[in-house]
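*Asks:* Submitted below is the structure of interest, expressed as structure tokens.
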Amino acid sequence: MKLLSVLALSATATSVLGASIPVDTRAQKFLIELAPGETRWVTEEEKWELKQKGQDFFDITDEEVGFTAAVAQPAIAYPTSIRHADAVNAMIATLSKENMQRDLTKLSSFHNRYYKSDYGKQSATWLQQQVQAVINSSGASRYGAKVVSVRHNFVQHSIVATIPGRSPEIVVVGAHQDSINQRSPMTGRAPGADDNGSGSVTILEALRGVLQDQTIVQGKAANTIEFHWYAGEEAGLLGSQAIFANYKQTGKKVKGMLNQDMTGYIKGMVDRGLKVSFGIITDNVSTSLTSFIRMVITKYCSIPTIDTRCGYACSDHASANRNGYPSAMVAESPINLLDPHLHTDSDLISYLDFDHMIEHAKLVVGFVTELAK
């Protein structure tokens with residue numbers, strides 16, 4: 001997630017030595033894209049310097065030769081009315097703050113979740129085990145639901161859970177699982193409770209809720225559903241780029257992608273005297289999908305929205321957008337009021353509001369069900 005004006009408020013990060021994969025990237029160069037057509041070769045250290053200045057980017061070093069970013073997306077007709085209120089409300093009733101607190105306590109206990117560290121690998125393995133357990137306990141695995149690791153050229157893997165539907169067209173919800181201490185990426189303590197442990201456990205709890213519905217569990221929903229947990233977001237949207245580039249190359253159809261990056265911090269709004277709200281990202285997203293999401297929020301959530309801008313390549317929805325798939329993002333607040341502790345050793349669970357995270361989980365359940373069922 002990006003820093004922007006949050007930078008000025010960020011706490012000082014402390015470097016703590018820990019086990020890691022000994023990778024020397026000081027001399028290695030990476031090709032990044034900072035805006036459409038604006039590319040630059042940088043070292044890993046220069047990547048983090050850009051991030052500290054609030055500059056986001058795609059790392060396109062491993063992009064296929066001849067890749068062309070999408071300039072337009074296919075026209076998709078989204079529902080204009082709510083059709084599955086009874087089913088969604090039944091799912092929402094099962095959402096549990098206690099589950100989210102338990103999962104986030106564990107996820108943020110890893111020394112860090114840096115994409116090149118042993119800890120990043122261990123945390124991804126633990127997270128995938130939780131996803132598999134949810135699928136198994138729901139009985140969905142008997143109808144073809146599965147979770148797979150998506151391997152990259154770094155140690156942390158991405159995770160994709162698939163619940164088949166009657167159509168191969170996919171409804172995607174995603175969140176990045178990695179964390180970073182920008183002062184000491186490889187070895188520094190980076191609990192990443194909000195960025196983005198909060199989004200990761202939000203969609204995990206939403207998956208539990210969605211799999212309470214037997215129509216979905218038994219593969220009878222109109223569309224296929226996928227939940228994604230991306231590796232390497234902080235280093236340039238690496239995991240999500242790889243996944244959506246593969247989907248483009250193999251001709252997969254994505255009806256819509258909703259990104260959840262930071263879902264738990266409300267103090268910035270409270271301190272300003274603002275009503276606690278969702279931050280609806282309005283730039284580099286699908287306007288029609290975002291309009292559909294506004295309808296879902298109005299129906300199923302108890303808080304309003306504030307429009308906000310995130311910038312180019314600010315989070316994983318941008319990877320879907322770049323590959324021609326309609327995407328949207330809803331954040332915990334307006335971007336200028338995000339958690340000031342992100343990317344430090346102070347991004348702790350104690351700063352988060354689980355009632356707010358439940359609102360995000362309600363949104364995810366409503367989004368998936370109304371679009372897929």
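Glycine is no exception: its Cβ is also placed from the backbone N, Cα and C atoms.
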*Asks:* Looking only at Cys301, Cys310, which is named in Swiss-Prot as the disulfide mate of Cys314?
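*Replies:* Going by Swiss-Prot, Cys314 is disulfide-bonded to Cys310.
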*Asks:* Need a hand: Swiss-Prot gives His176, Asp261 for Zn(2+) 1, which of Asp195, Asp271 is also on that list?
*Replies:* Asp195
*Asks:* Could you say whether, by DSSP, Asp195 (Zn(2+) 1 binding site) belongs to a helix, a strand or a coil region?
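*Replies:* Once the DSSP labels are grouped into three classes, Asp195 (Zn(2+) 1 binding site) ends up as helix.
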*Asks:* Is any of the recorded positions Glu234, Asn284, Cys310, His343 within 10 Å of Asp261 (Zn(2+) 1 binding site) (Cα-Cα), and if so, which, in sequence order?
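*Replies:* Near Asp261 (Zn(2+) 1 binding site), where near means Cα within 10 Å, there are no recorded positions at all.
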*Asks:* Of the recorded positions Asn136, Asp195, Asn196, Asn284, Cys314, which one has its Cα closest to the Cα of His343 (Zn(2+) 2 binding site)?
*Replies:* Asp195
*Asks:* Within the chain of Glu234 (Zn(2+) 2 binding site), which residues six or more apart in sequence place their C-beta under 8 angstroms from its C-beta?
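*Replies:* Correct list: Lys51, Tyr115, His176, Asp178, Ser179, Ile180, His343.
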*Asks:* Quick one: among the glycosylation sites Asn136, Asn196, Asn284, which has the most Cβ atoms sitting within 10 Å of its own Cβ?
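*Replies:* Highest number of other Cβ atoms within 10 Å: Asn196.
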